């Protein structure tokens with residue numbers, strides 16, 4: 001029965017997954033966010049240093065160290081360049097990745113995408129047009145500008161041919177001059193018509209009509225719960241749930257952490273709950289399904305020696321959030337005994353985390369969490385040293401342990417039956 005369900009799921013989901021993995025636009029968006037991760041991490045730590053080193057409530061608040069406040073501008077500038085301009089970097093990376101895929105000059109397509117993005121932005125407030133609120137526009141602009149430029153480059157009549165004696169760099173620039181000019185002009189014409197007819201820039205329209213409702217839906221308690229359940233079910237069937245849903249969840253998490261960083265930089269409280277730090281602490285602590293709690297339950301109560309040995313070997317990876325040795329080694333995959341807790345535990349802990357932040361007990365993260373970092377250290381850094389994060393990490397592990405124990409005991413009964421039948 002389980003094999004039939006697995007085969008059916010594979011039959012319907014794998015073609016979709018394969019199609020998504022082969023789609024150049026999805027790949028480009030994924031790669032662009034991955035390339036930006038280092039920039040976001042640098043920006044988040046710059047904000048952290050600015051608060052705790054140069055801020056009045058940090059080291060600079062100590063009279064003998066008040067001179068540290070003079071260096072606040074350094075961290076502010078770094079944070080602005082990394083976080084408040086992230087949409088500009090995103091559109092460049094998307095254009096670059098698509099151009100590379102299509103055999104064009106990737107630096108050229110990245111530059112064209114960036115120019116088109118600036119053309120569509122609020123010219124009077126450019127400094128505030130490149131942050132988290134413009135990420136959707138960056139994705140759309142990067143994709144469409146490269147597609148238009150790529151199409152125009154197929155028309156030989158639009159290419160300016162120069163003698164072979166002309167250096168290749170100059171020749172390539174003139175070769176793409178007309179397609180480049182047309183692409184940018186089309187975006188400029190669209191921006192002008194839209195603003196002239198509505199009095200609004202496209203970024204404002206997209207943000208209000210699409211991005212805000214989508215982010216709010218996915219960042220709500222229900223939205224997070226749905227993501228958790230789907231991810232765990234995919235894991236149970238042997239499909240990497242986090243990777244499968246990343247195309248949907250990652251842009252929202254990135255926009256949320258950026259919005260939180262911008263809020264803190266402006267002296268406001270961060271409010272977006274669903275971030276990578278939330279995922280690492282409340283839905284994937286010790287790996288998918290909070291399986292570090294399962295490992296502890298097995299070590300404490302399991303009668304299967306091979307399972308205990310596996311947990312001992314897997315403990316260090318689990319501490320760093322790597323659950324594959326347990327999911328596929330125990331296995332949890334297609335194991336009916338552990339299906340219920342594997343889905344239920346992260347659903348419970350996600351709601352614990354959501355309640356803790358919504359009630360004000362824990363302030364939402366404004367520092368990008370780093371995957372693979374040992375737990376507790378990860379939570380301490382990504383939640384800016386809040387002791388509540390460390391306490392909740394212990395609570396998550398404890399809740400998972402309590403939930404997994406009955407099913408480990410149930411597995412012991414199954415093991416005893418197996419031994420009797422030998």
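Cβ from N, Cα, C; glycine included.
As annotated by TrEMBL, domain 'PTS EIIC type-3' applies to 9-407.
Counting only same-chain residues 6+ beyond the ends of the transmembrane segment (32-53), those with a CB under 8 A from a CB of the stretch are 59-60, 68, 71-72, 75-76, 78-79, 81-83, 86, 89-90, 93-94, 96-97, 142, 250-251, 254, 257-258, 261, 264-265, 366-368, 370, 384-385. Annotation source TrEMBL lists transmembrane segment at 32-53 (among others).
Annotated transmembrane segment per TrEMBL: 73-96 (among others), in sequence order.
Residues annotated as transmembrane segment in TrEMBL: 103-120 (among others).
Residues annotated as transmembrane segment in TrEMBL: 132-153 (among others).
Residues or ranges marked as transmembrane segment in TrEMBL: 174-202 (among others).
Per TrEMBL, transmembrane segment is recorded for 222-245 (among others).
Counting only same-chain residues 6+ beyond the ends of the transmembrane segment (257-276), those with a CB under 8 A from a CB of the stretch are 40, 43-44, 47, 50-51, 76, 79-80, 83-84, 86, 131-133, 135, 215, 218-219, 223-224, 353-354, 357-358, 363-369, 371, 382. Residues or ranges marked as transmembrane segment in TrEMBL: 257-276 (among others).
Remote same-chain partners of the transmembrane segment (282-301), defined as residues 6 or more beyond its termini with a Cβ less than 8 Å from a stretch Cβ, comprise 224, 228, 231-232, 235, 241-242, 307-308, 311-312, 314-315, 317-319, 321-324, 326-327, 332, 338, 341-343, 345-346, 349-350, 352-354, 375, 392-393, 396-401, 403-405, 408-409, 412. Marked as transmembrane segment by TrEMBL: 282-301 (among others).
Residues or ranges marked as transmembrane segment in TrEMBL: 337-354 (among others). With a threshold of 8 Å between CB atoms, the same-chain residues lying at least 6 positions outside the transmembrane segment (337-354) that come near it are 221, 224-225, 228-229, 232-233, 235-236, 273, 278, 281-285, 288-291, 293-294, 330, 362, 392, 395-396, 399-400, 403-404, 407, 410-411, 414.
As annotated by TrEMBL, transmembrane segment applies to 387-410 (among others).
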For the transmembrane segment (387-410), the distant same-chain contacts (Cβ-Cβ under 8 Å, at least six residues beyond its ends) come to 281-282, 285-286, 290, 292-294, 296-298, 300-302, 337-338, 340-341, 344-345, 348-349, 352-353, 356, 361-362, 375-376, 379-380
Lying 6 or more residues past either end of the transmembrane segment (132-153) yet within Cβ distance under 8 Å of it, the residues of that chain are 25, 28-29, 32, 83, 86-88, 90-95, 98-99, 102, 104, 109, 112-113, 116-117, 120-121, 159, 176, 178-180, 182-183, 186-187, 202-203, 206-207, 210-211, 251, 254-256, 258-259, 262
Over the domain 'PTS EIIC type-3' (9-407) the mean pLDDT stands at 85
